[in-house]
Amino acid sequence: MTKYIFVTGGVVSSLGKGIVAASLGRLLKNRGLNVTIQKFDPYINVDPGTMNPYQHGEVFVTDDGTETDLDLGHYERFIDNNLNKYSNVTTGKIYSEVLEKERHGDYLGATVQVIPHITGMIKEKIMRAGKTLGADFVITEIGGTVGDIESQPFLEAIRQMKAEVGDENVVYIHTTLVPYLHAAHEMKTKPTQHSVRELRSIGIQPNILVVRTEAPITDDMRKKIALFCDVDPSAVVESMDVPTIYSIPLRLQDQGLDQIVLDHFGVQAPKADMTAWAQMVDHMQHLSRTIKIALVGKYVALHDAYISVAEALQHAGYPVDANIDLQMIDAEKITDDNVQDVLGSADGIIVPGGFGDRGIEGMITAIKYAREQDVPFLGICLGMQVASIEFARDVLGYADANSTEMNPDTSHKIIDLMADQADVHEMGGTQRLGLYPCKLKAGSRAAAAYDNQEMIQERHRHRYEFNNQYRDEMTAKGLVFSGTSPDDHLVEVIELPEKKFFVAAQYHPEFLSRPNRPEGLFRDFVAAASREVKD
């Protein structure tokens, strides 16, 4: 029988529910158990694909092409499993599917209601997540905060799950806050008590409380929380701020979180061997060097807009014993006059993905600087397209070279709309999304990054592509097209082999990076940047 673990949050948002879910997933996986994780987001958007990065942060893409919440990136990095479309579900998705079934007559004329139809669809998504990925344990994070009107259908659905599959197959974990009042020099448990009372009022009694704190909670405080919230004192687990999120599984294991969960389920499993993970975390906290990487982007005011890029860079720093000092540079503020001042101290330059024409000229200036000054450079998605435009302008001499996304009337369409996108008018879920094969050129930097494999699989999110009319001309000037689709039609990777490192990919390599297994392009880019550090 599949076991279900539900993670809710109270008091305030951003308590780290996703990291708690991911950490528990890691602990259970290291016990030899099959685990998957999913998140329910209570907003009306069908998916986050069309949402403003400043509001939502990064859009994470799964193998099957689903545009998801950034928490799925954390899930994949922690449990090292690739997730799918059942791993992120929104209110909008649930309602759209229910309404579609109603239009098809599937409900046989019944009055369609939140209960049972919406809650039934939610439960179906929960169960299907485990079935499609062959998981024995499904960890489900409920987005938002208990008490929010938007979350009520999800909370009602997970309440019903206990009756449907049995108490012995369901665990409720509630994350909450124990704030420290500096003026009074005192920690307060009342917000946690009220949050649990709110959860209990809708029929959910948490089995475990994970309390976010600035300082350790005392035994007396633990007993007080347990008494008022009707849980065992051992099930009050503290989650303090830590230097790296990857240490949280170790902190939770020390407090027996995974064992408490398994005891409730009556499941016997070997203790999680976290030796390799602990060694990795120890290494992360004792890095001897610092590498300065300039990220030139459009959404730099919000770090979460590039969270997977930032994580992939940190992962790539570990093999060279280096911490990454990531300098977020607003592309709009880069000009020919100040580029040296802005980027002169960087050991490497990265231009990540994005959409629209804002900041494009600054990105072109930054890439020109990297190419001419031989600063290690990595371009991703839009970064690859802009690198192609820069080469056309400054090497081929086509001053007005551009992408038709930025300038439909350009006479040199270096980047153009993909043929199968010409008749697409919907914005959401219509790009080239998900895992696609990429053929690598033998002897190239790209091939070396992937251990000289001939074919790799990478995740994409774009609707524009390189215009093959310019391929021969650029090749003659030294640009190498080192990665293409298997039929050689779509350009996937470009590089300048004579440079220390100048590689750009149409796909998103950051989505497949892991803390214990850095992604190849990021690894080699950071290694090249490490050789630029002035010790």
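Placed from the backbone N, Cα and C atoms, the Cβ positions cover glycine too.
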Further ATP ligand in Swiss-Prot, beside SER14, LEU15, GLY16, LYS17, GLY18, ILE19, within candidate set ASP71, ASP80, ASP106, ASP136: ASP71
CTP site partner of ASP148, ILE149, GLU150, LYS188, THR189, LYS190, PRO191, THR192, GLN193, LYS224 (as recorded in Swiss-Prot), chosen from SER13, SER388, SER403: SER13
Secondary-structure category, per DSSP, in which LEU382 (L-glutamine binding site) falls: helix
Fewest Cβ neighbours within 10 Å, where candidates are the recorded positions ASP71, GLU141, GLU405, GLU510: GLU405
Which listed residue (LYS17, LYS190, ARG463) has most other Cβ within 10 Å, given these are binding-site residues: LYS17
DSSP three-state assignment for ILE149 (CTP binding site): helix
Per-region confidence, the domain 'Glutamine amidotransferase type-1' (292-535) (mean pLDDT, whole number): 94
Residues within 8 Å of the SER14, LEU15, GLY16, LYS17, GLY18, ILE19, ASP71 Cβ centre (excluding the ATP site residues themselves): GLY9, VAL20, ALA21, GLU141, THR175
Assigned conformation of HIS508 (active site) - DSSP reduced to three states: coil
Length of the line joining the Cα atoms of LEU382 (L-glutamine binding site) and THR192 (UTP binding site), in Å: 44
